[in-house]
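According to TrEMBL, the feature compositional bias 'Basic and acidic residues' maps to 228-240, 255-265. Annotated compositional bias 'Acidic residues' per TrEMBL: 241-254, 887-914, in sequence order. TrEMBL lists 770-873 with the feature domain 'Small-subunit processome Utp12'. Under the heading region 'Disordered', TrEMBL lists 226-268, 881-925. Marked as repeat 'WD' by TrEMBL: 184-216, 369-410, 411-452, 497-530.
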Amino acid sequence: MKFAYRFSNLLGAVYRQGNLNFSQDGNAVISPVGNRVSVFDLKNNTSETLPVSTTKNITCVGLSPDRHLAIVVDEDGAALLVSLITRAVLHHFHFHKPVNSIRFSPDGRKFVVTKENVALMYHAPGKQREFNAFVLDKSYYGPYDETTCIDWTDDSKCFVVGSKDMSTWVFGAERWANLIYYSLGGHKDVIVGCFFEKDSLDLYTVSQDGTLCVWESDTELDGLVLMKSRDKPKPSRPGEEEGDEEERLEGEEGEVIRGKAEAPKGKNTKNVRYKQRSKHFFNKEGDFNNLTAAAYHKPTHILVTGFASGIFHLHELPEFNLIHSLSISDQRIASVAINSSGDWIGFGCSGMGQLLVWEWQSESYVFKQQGHFNNMASLAYSPDGQYVVTGGDDGKVKVWNTNSGLCFVTFTEHTSSITNVTFTSSGFVIVSASLDGTVRAFDLHRYRNFRTFTSPRPAQFSSLAVDKSGELVSAGAQDSFEIFLWSMQTGRLLEVLGGHEGPVSCLCFSPVQSILASASWDRTVRLWDMLDSWQVKETLSLTSDGLSVTYRPDGQELAVATLNGEISFWNPHTATQTGSVAGRHDLEMGRKETDKITAKQSAKGKSFTSLCYSADGESILAGGQSKFVCIYNIKEQMLMKKFEISCNLSFDAMEEFLDRRKMTEFGSLALVDEGAGDGEGVNISLPGVKKGDMSSRHFKPEIRVSSLRFSPTGRSWAATTTEGLLVYSLDGSMVFDPYDLDLDVTPASIRKQLRLQEWASAIVLAFRLNEKALKQEVLETVPHEQIPVICGSLPDIYVEKLLGFVAASLEKSGHLQFYMTWAQSLLMLHGQNLKNRSGSILPTLQSLQKSIQRHFDNLSKLCDFNMYNIRYAVALSKQRGVKRAAEEDERREEEEEEEKDGDDGDDGLSEEMSEASIGDAEMVL
C-alpha cells in the first residue's frame, strides 16, 4: 500500500499571487497558491487543493459563468483547462506570452485574454466534444502598452479593456455598425480596473493614482446595430457551422480588428459616443497614493478598491459616496473579489501570503488565514493525528487542523527563526526551539506560552526532543556543542550534557525507554541514559557527520542520516550496525542558476537532512535539498518509490541542466533581474526615482524538504517544503490489493452469502477480495443485533483488517452508532489478542481514536449549542410566565376596580332615574 500515497492537500499557504474568484453560490473562494489552486469552503470551514499543477506560478484564473470550468494560466502563458466538477485537466494550451487577465463572457460563449497590447477573443469550450478546445475568434489591437483588465457587458455584446498606456478601449464582440472600437483617455496613470454599469454601456474606470472616471454613453445596449457584410460572413459560434469551425486551427490569428486613437467614421449609422460625466479622487488626504486592486458589484453598485498601504474603500457609484474604509493589512492588497450576493469581499495580500474575506455590512471577518511568511523549518503531528504544528523562519508557530486544512492558532512569542517543533504525548502541549535562545512550551487549552526555557549562557538551539512522559525537555545548541535538559513541571534547568565535539544536529528520545539519542557533526551518535545520572550509555561511530537521527516506533531500531548521503540502521541495545542505504544518487539534485558545476557533480556533496519511520516501522521516509522524497524498505534496503514534491519551475534547482538558450558570453540571462519589483516601484536604479524599494531584489527560492513526518494513523505523511506543507494520503480507491484471492472469491459469491444470511462468511470473502465498496455493502447489510455474534466468530487475522476498515469508515460515514457498535464489539471480544499485537496494530487504534475524537468534538459542540438553546427557551418561557402572571394580576385588579366603579355608578344612576321619574310625574299632573 506504500505505492498508493498521493498528494491530497496543501497547508501552510493560502495565497501567493494572481486573482481571487468566488464560487457560483458565493460560499467558496478559489485562490491560486504557487502553481496550484486551493478552494476554501467558507460555510463548512474546510480547504481543498485541486490535483492539478502548472509548470510555473499561476498569474490568473478565469472561471466560466456556471463555475464548471476554469482556465489557469501561469507566468509563461501556459494554460490548463480544468473541470471544477471532476477536478481533471481537460486541455493544455500555450499563449506563448505572459497573460495579464482572462474573463469569460456572461453567456459563457466566449472568453477574452489580454497579453501584451492585444486582446484575444476565443470561443469558449462547449459541452460537446471538440478536437480543439481553444478556437481564436478575433484579435483586437488598439492599446500601445500592456493590457491590464477586462470587463463584459451583461448581454455579452461588448467588452472593455484597460491598458498601461492610461487608455481604456471599448470593443464590440460582434461586428456592430455603430461600435467597432472606442478609445477613452482621462487618466494620468495605469488603468487598474474598468467596469460596465448593469445593463448599460456606461463605464467606470479606475487608475493607479487613485482616480475614478465616470463615462456616460449616448446609446443603450439595444441600440447596437449589426454590420451588414455580404462578402465576409459573420464569425460562427461553436456548434453552428461545423465546416467553418474545422478550418480554423489552434493559434490562428482569426479576424483582426485594429483600433485607432480617433473614433471610427460610420457611413449611415450614428456611432456610439462617450462623454465624461464626472471625475473623483481617492487620495484627497494624501495618506495613500497607490491603488493596486479594484472590483465592482453591478447589482448593488458598490466599488471596492485596495491600496498599497493595506487600506480598502467601499464606495457607492455613480455618486461616489464612501460607505466604508478600513486598514486590513500593512501589506499591498494584490487582488479583490466580491461574491455573487455582494455581502462578502475577498482580499489577497501577496507580500504576507494573506487571504481575507470581509463581510462589510456587519464589519466582521468571515475568513482570515495567513501562511508562513518565509520557509517552513519543521513540523510535527499530534499523537491522535488531528493537528499538525509547523514552525517557520518568520518566528511563528502555527497549528493546523488536518481535517479542515486551516490554521486555528498562531503563536508569535519567538523573535527569531524556529528550528524545531514537537508535541508532548498528551497532545495538548507544543514545544518549540528557536535561534533566539529560548525553548517555549504552549498550551492548546488556553492558547498561551506557559513555559520559557533558557540556557545559562546565550545559545542558539538547533534541535529539540521531549520524552514520552512529557516531563523532560532537551535542546541541542549549535554553537556551544552542548545539550540542555529542563523539567517541564518546574521550568528549571536539570543538566547540561557535554561531550560532543561539534554542533548537535538532531535529538530523539526512545519511545519505550528513557534514553536520548543525539547526532552531531563530530561523526558520532551518543545514547544518554536519563535514569542513570545522564551518563553516556553508548557511542555509535559514523562514517561522516551525523545530520538526523530517529527511533523506530517500537524503539528497537535507530536510523541515522549522514553527510555522505547514507542512511545507516543500528540496534540501540547492542550498538551494532544492522544495515545501510546509499541514497546519494536517489536525491537527483537540480542545478541552480548560479552553480558553476553540473548537477551530477553537485549531487556528490548532497545528503538527506530529514528522516521519519512509517507508522508500522517497515519503511523509512527521507528528504533533503532536492525535489524528491524517497521511501525505502528497511528489510530489503531498497528504494520503493520517489515522490516528486513539486514541478514548479519558478523555484531554483528544479532542472538538471541549464537552458542553453539563456546562456550568453557574459553568463546566464536568468540572473538578470528584468522584473518590475513588487508592483509599486522599479528595481533598476534611476536618478530622481523616489518610489519603490531600491534594495529589493528578485530571487528564486530553492526547492528543498526541511522536515518529514508520518501521521500516527499511518494513513498519511507530511513534508515541509519551499512550496508549503504538503500532505500525501493513502488512496485506497486507486489500488486493487486482494488478500488470499481464489477463483471462488467474486462479488457474485459474496452477494450470494448475503442472501443466505451467512454474514461471517460474506465478511471474510469481502476482505479477501478487498474492494472498499463491496466491504461497505456487506457490513451495512448485517443486522444490528447480529454484530456481537459475528465479531465473536471471525478469525483473528480478519479482526485487525475489519477494525482498520471500521476506523476508516467511521471518519466519513453518517452511520455513527452502527460503526461504533462494530468497534466496541471487536475491542471487547478480541481485546486480549489485540493487546498482544499492540505494536503492529497501534496505527489502526490511533486512527480509530482520531475518528471517535472528531465525532465527539462535533457532537459535544452540537449538544452544548442545543443545551444553551434549551436553557434560553426555558428562561424565556419562565420570564414570559412571570410576565403573564403579573399581567393577569394587573388585569384582575383593573376588573375589580371597574366592578367597584360600576357599583357606584349604578347607585348614582338609580337616583337620577328616580328624580327623572318624579319630574315626569309632576309634568303630567
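Cβ atoms here come from the backbone N, Cα and C positions, even for glycine.
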Residues from the same chain, set at least six apart from the ends of the repeat 'WD' (497-530), whose C-beta lies under 8 A from its own: 462-468, 472, 474-479, 481-485, 536-551, 553-555, 558, 560, 562, 570, 572, 575
Same-chain residues near the repeat 'WD' (369-410), Cβ under 8 Å, at least 6 residues beyond its ends: 9, 11-15, 40, 45-49, 352-356, 416-423, 425-427, 430, 432, 434, 436, 442, 444, 447, 701, 706-707, 709-713, 716, 718-722, 724-725, 727, 846-847, 849-850, 853-854
Whole-number mean of pLDDT values that fall within the repeat 'WD' (369-410): 90
Secondary structure tally of the domain 'Small-subunit processome Utp12' (770-873) (DSSP, helix then strand then coil): 94 helix, 0 strand, 10 coil
